[in-house]
Amino acid sequence: MSLDLPPPPARGCRSTEVLKERGQREVFCGLTGIIWLHRKMQDAFFLVVGSRTCAHLLQSAAGVMIFAEPRFGTAVLEEKDLAGLADANAELDREVDRLLARRPDIRQLFLVGSCPSEVIKLDLHRAAERLSAHHGPAVRVYNFSGSGIETTFTQGEDACLASIVPTLPATEARELLLVGALPDVVEDQAVSLLTQLGIGPVRCLPAHHAAEAPGVGPNTVFALVQPFLGDTHGALTRRGARHIAAPFPFGEEGTTLWLKAIADEFGVSAETFEAVTAAPRARARKAVAAASEGLRGKSVFFLPDSQLEPSLARFLTRECGMSAVEVGTPFLHRGILGPDLDLLAEGPVLSEGQDVERQLDRVRAARPDLTVCGLGLANPLEAEGFTTKWAIELVFTPVHFYEQAGDLAGLFSRPVRRRAILRREAAE
């Protein structure tokens, strides 16, 4: 069976030399991942051990007032804690006791490290073990770091899921595990497609509730739905699970190849695959063509932000007719992103890490039609006449799989259309 996809480029970017940048950074810290994780994991609570700045970041980013009692909060480190004049561990134990007494619905508690807790070397791993022993088995306490010293934007989710993997029950069952947090409606679409293909059981990490936690073992195969899960990938591999490598499910091509890799693993026939995917593929292709009309022939420059950049560059160049000038990403995990890099035609600079001033110099020299960057860089670049796209929108907006393919293309085409309208109005 032919998948009716464009042929791969004669030479991809998997072996392209990577420009390593190690300078000033401009990116959100890993605490930001709590915003989508607390909505996904419905019996979990995320307790950040940090400063008032951490609390303000979370409250502002989530758009949730504290009196609404969301499933996250901050244990604020005061000056006496930072100065070593108080027993931070004893105070943390008291705060956790009060929290669990007030919120008996909590089954998973995450102690999340921040810049202040890292600076004073507060051992949250040991604290989590101590609190798990005290409050278990009703409540399991985990810990991970969302510190800006150690993590960037999307690494918070990776650190969270990696902390869960060692505690997952062992199983010998042959199961497919989908790894990465997705909006519920998108996750349902993915599971529905896989079920129609006859693949199952399908389990998800993270699960909605602790009682639904998947097992993992030597017969577990897993597919990542987010490209920033390097630590989670390693943790699952150490438990004996095997990764199904594939391009990520962005756009019609990425979704089809992602599904095809899983279908091949489970022996799905070509006829069944075609019958299940033909209609949604056609819808996705039509939607992308309509939404990307203003993108064809234009150039794009990715500044590092979320680790989605190589996959999105593949989508824009292969399905939307754009050319990539530079694809910057905080970390480049070739074992995970290799299939996407194979489909990204050689030519663009691949950069890993960040040196803001050097990268901005390259943006100014290249004059791309669209620059994908963080919030802090967008307005200054717009003031210089560049068209920008906020990278954070690509994480917070549903963009995976067939039904969201047109929306994904639209996220990139809207700023280009807006700039064109403003230029016409200025000319008049």
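Placement of Cβ uses the backbone N, Cα and C atoms for every residue, glycine included.
Record features (Swiss-Prot):
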- C29, C54, C115: [4Fe-4S] cluster binding site (BINDING)
Same-chain shell around [4Fe-4S] cluster excluding C29, C54, C115, C-beta within 8 angstroms of the CB centroid, reads L31, V48, G50, S51, T53, L57, S114, P116, G146, S147, G148
If you count the other CB atoms within 10 A of the CB of C115 ([4Fe-4S] cluster binding site), including all protein chains displayed, you should get 18
What DSSP gives for C29 ([4Fe-4S] cluster binding site), in three states, is coil
Three-class DSSP assignment, C115 ([4Fe-4S] cluster binding site), comes back as helix
